Each structure stands twice: as C-alpha cells, then as structure tokens.
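A.B. asks: Next up is a structure, given as structure tokens.
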Amino acid sequence: MEQTKTIFLLTFLTVIFVFFGYSFGGTNGMLIAFLIACGMNFYAYYYSDQQVLKHYNAIPLDDTKHPVYRITQKLTQKANLPMPKVYLIPDHTPNAFATGRNHEYAAVAVTIGLYEMLNEEELEGVIAHELSHIKHYDILIGTIAAVFAGAIAMIANMMQFSGMIGNNRQNSNPIVMIIMAILLPIAASIIQMTVSRSREYMADEGAARLTGNPAGLQSALGKLENYARSGHQINNATEQTAHMFIINPFSGLKSTLGALFRTHPTTADRIARLEELKSELRK
C-alpha cells in the first residue's frame, strides 16, 4: 500500500512537470520537463530526508548517554526496529519529526526545546510516536510529500510569472497557467492532508501500545499544542514540511482555509482517542 502511494506521488509530480513544460515550451519544453522530473524523482526518493534535516539545521546526536538517544534506543529495541539516526534541532520550540525511506534508513529529529520542556514519560511518548511512523513506513511518504509540495509551490510561482509574459510566447497559454497556479497549491495541501491525518492517529495508537502509557503522550501533546498556540514557531518552518511534525508548527495561526486543509487531526481529538485506549490497555 505504501509503495503504491509512493509511486502515485512520484508519477503525479512527473505529470505536473510535463504539463508545465508543454504549456510553456511545447514539445521541447515537455521533453525537458520530463527529464527534470525524472531527476527530481530520483532525488526525492534517495535524498529528500537529508534535505529536510539540513533545512532545519539538525545535528547528529552520537552521545549514547543523552536521554533522547537512550530513550530512542530503548524503544527501538522494544519495537524490534533497527536503531535510527538521532538528531537534535537547535531550536527552543518543542517539536519532533521522523524521516527516511525505510526501517534501515530512518532518522528521528527532536528540537532542543522538546527535550527541555518534557519529562521522561512525555519524551518517551513523543519518540514512540515517531518510531511508529517509521515502523509503518509513513516516513517515505511524508518526506516525499514535503519535497513534492515544495516543487508544486515553485511551479505555481513559475506559472504566475509565465502567465504575465505568456502573451509573448507562441506555445504558452497564460489563462491555463494562471488557473494552474491557483489550483496547484490547493492540490499540494490536499495531498499533505491525505498523507498526514489518518497516519497521526495510527502513530499515536502505536506509541501508546509501545510504551504502555497513553498518558505520557497525552500530556506531551497538550504541552506542545499550548506552546504552538502561544504564537511561537520553529525557525525555518515551512508549510511544505508542516505535516511531518508531531504538532503542526502553524497550528497557532487562525485561518478558516487553514482549518479546511489541516494537516493534523485536532489535538483534542488525538488526546480523546488516547483516553479511550487507556481502558483497553488496562485489560
């Protein structure tokens, strides 16, 4: 199922690029766009995780005695997973994400703010949540979706510019390109929403079962949501990568359109589902 989603995303990216190439440069533009899309697909599959980590200035954590490393190692062994690479993000806004392409090539990144704010039980809940994403192969889809959304934003900007000068180009259709420039960002949001919402519920449940302590994750989610709603955002946060985090970095921004295309379930709903899981785990 996850492989099918990956193929769909990469294929859709290729189609978008080819369409843009044809609209802008006819047959020659289409061929050039196809080659560019193939290169981007290769890059997205093998290197998109490193691009995201680099974007957030993530630093490899090799200190085996550090609480984040120690907890990750303990939970990884319990989940019967290979040890992922562990990164610290030098930012005091509490948040975390997982990235990579499979169990063998995976990484967990947490901000310094997360480590400073949460107690050990809460930290276990967050890290278990990210390991659940790794276990269920959500990480490849999420990371590719981030690169894909960024590419769509770039294409939309190019189309807006092309639409302005399109009357001077024989093969361009400025009206079509302007329409696409409007629709493409919406398509990116829908893809991010589809990728993320249901997977967050599954990762929450997986974390609760792995730790045996839903309360730890509940408490962590509440703290992270309250902090996000205070208006603080992680440095370099982008809408294209927002779906990767355990809490959307932009959840503090009030927007009707933003609520419609929300990448995460509401934190209240997530906490309520974890509450329901408590009684099941007590049995």
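Cβ from N, Cα, C; glycine included.
Pulled from Swiss-Prot, these are the listed features:
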- Glu130: active site (ACT_SITE)
- His129, His133, Glu200: Zn(2+) binding site (BINDING)
- 6-26: transmembrane segment (TRANSMEM)
- 27-47: transmembrane segment (TRANSMEM)
- 139-159: transmembrane segment (TRANSMEM)
- 175-195: transmembrane segment (TRANSMEM)
A.B. asks: Return only the integer: C-alpha distance in Å from Glu130 (active site) to Glu200 (Zn(2+) binding site).
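C.D. replies: A Cα-Cα distance of 10 Å.
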A.B. asks: Translate the DSSP assignment of His133 (Zn(2+) binding site) into the three-state scheme.
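C.D. replies: In the DSSP reduction, His133 (Zn(2+) binding site) maps to helix.
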A.B. asks: Starting from the Cβ centroid of His129, His133, Glu200, which together make up the recorded Zn(2+) site, report each further residue of the same chain whose Cβ lies within 8 Å of that point, ordered by sequence.
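C.D. replies: For the Zn(2+) site, the extra neighbours are Ala98, Glu130, Ser132, Asp138, Arg199, Met202, Ala203, Asp204, Gly206, Ala207, Ile246.
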